[in-house]
Each structure stands twice: as C-alpha cells, then as structure tokens.
Amino acid sequence: MAAAVGRLLRASVARGVSAIPWGISATAALRPAACGRTSLTNLLCSGSSQAKLFSTSSSYHAPAVTQHAPYFKGTAVVNGEFKDLSLDDFKGKYLVLFFYPLDFTFVCPTEIVAFSDKANEFHDVNCEVVAVSVDSHFSHLAWINTPRKNGGLGHMNIALLSDLTKQISRDYGVLLEGSGLALRGLFIIDPNGVIKHLSVNDLPVGRSVEETLRLVKAFQYVETHGEVCPANWTPDSPTIKPNPAASKEYFQKVNQ
C-alpha cells in the first residue's frame, strides 16, 4: 500500500514539474544552460520580445496619463513589518508606484536600493515610493533580510508591496500574462490619484531614480506656478509662460 501511495505521489510531482512555466524541470531552472545562463536569467536578460511565453494578451486596458490610477490594496513590507497598504493611504501626496519582475534577481535590487537611498529626497517634496512585484510579502521580507553584498536589499526606506494574485500588475497594464511577471512599469500619481506620468521598460533595463525625482518636481512646479517646463528642466532653470506673447521671454533668454 505504501509503495503504491509513493508511486502516486511521485507521478503527481512529475506532472506538476512538467507544468512549471518556462517548460523545464525545477532543477533545470536553476542549472546553467549550455550558453552559461539559467533559464530565468534568459527570461530577464533577453527581453519579452525574445520569448513566446511573454504574451501580453489581456482583457484589461492599461491606464493612461490624466486618468485616475486603478485602486490597489495588498500586504506590504514597511520598516521590516507586514502592513496593509492601499492607494487611499497616499491621498494628498504624490506617489511613485513602480513594478519590477521578481525578488532575488539582478537589475531589480539596483533599482530598489537606489529608490530607497533617495527616499528622503522624495519625502522632501511630499512624495512616497512603493515597489511592487508578484512575489509574496514573505519573499520581500527574506530579500530585505539578505545583505546587499549578496544581492539582497538590506534596510529599506520604501515599501515593498506584494501582488501575489497579479491583479495590481494586470490592472496597471504591465503584467506579462504568459510568464506571470510584471514589466518595469513606473507611474507617478498626483495627490488626487491622477496619473501624471507612466513609463514601461522591458525586463533587462533599469530606470533612472534621478529622472523620476525630476519629473515629480516638474509636475509640482507647474501646479504651483502655472508655467510649463521645457526639455531638461531642473528646479534652477527657467520655465515658459504658456501663451504666445509671454513665452517669447523664455525663448529670447535661451537663444541669445
């Protein structure tokens, strides 16, 4: 009887392994391929256009700039503790919500650490930063507790939100349905919950924290002063009065 049960269990496990995404065995997922990469490395390094499993087919529509951000709610790791987090928690503040593919990967920790290290500069302009992936909050915490020299995150000054059901990634239009990973989507949401900026990178390329902070400051400047920000604007550079006559002041200044 025990032998029969054992055979059934082994057969069940074998069927489960054969259904693993990427179409490989569990051990093969961690074993270097002939080219010197793991299969997961291939996914994250080759980009979505290189793999058939990166299907973006979905019945959901990606949100657009000027539209209200889709509502979200989930469990996050905040200051080393589990905490419920939702879009409502950021009313009256700017929010940078950025998605990344997976914990314990390669480009992702560089982005998250960079945003965390700049958290105070975002706070100075009334802006919070939240990172999101399809991993569990337990995985987030384990990654935070891993030293940075070993590819971990270490102490975090930003929240890491779990999207284990993938619904948040799907609602924001960044989920790759075939692989179940999120593209590197970044959304700047204003204090009224309106999307002011969005960008989406393919998996192998990280984002600029400095550019994100510059954009937040630019949107805030426009709201406060009623003038518009030209290319490469920084807080100490001139802006443009948005009408034909007054705008000449700017163009004459920069084209002397």
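Cβ from N, Cα, C; glycine included.
These features come from Swiss-Prot:
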type	residues	note
ACT_SITE	Cys108	active site, cysteine sulfenic acid (-SOH) intermediate
DOMAIN	63-221	domain 'Thioredoxin'
MOD_RES	Lys83	N6-succinyllysine
MOD_RES	Lys91	N6-acetyllysine
MOD_RES	Lys91	N6-succinyllysine
MOD_RES	Thr146	phosphothreonine
TRANSIT	1-61	transit peptide
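Distribution of Swiss-Prot features across the structure.
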residue	record	contacts (Cβ under 8 Å, 6+ apart)
Lys83	N6-succinyllysine	Thr75, Ala76, Val77, Ala159
Lys91	N6-acetyllysine	Pro191, Gly193
Cys108	active site, cysteine sulfenic acid (-SOH) intermediate	Tyr100, Pro101, Leu102, Ser133
Thr146	phosphothreonine	Phe104, Gly152, Leu153, Gly154
Looking only at the domain 'Thioredoxin' (63-221), mean pLDDT returns 98
Helix, strand or coil: which one is Lys83 (N6-succinyllysine) in, per DSSP?
-> strand
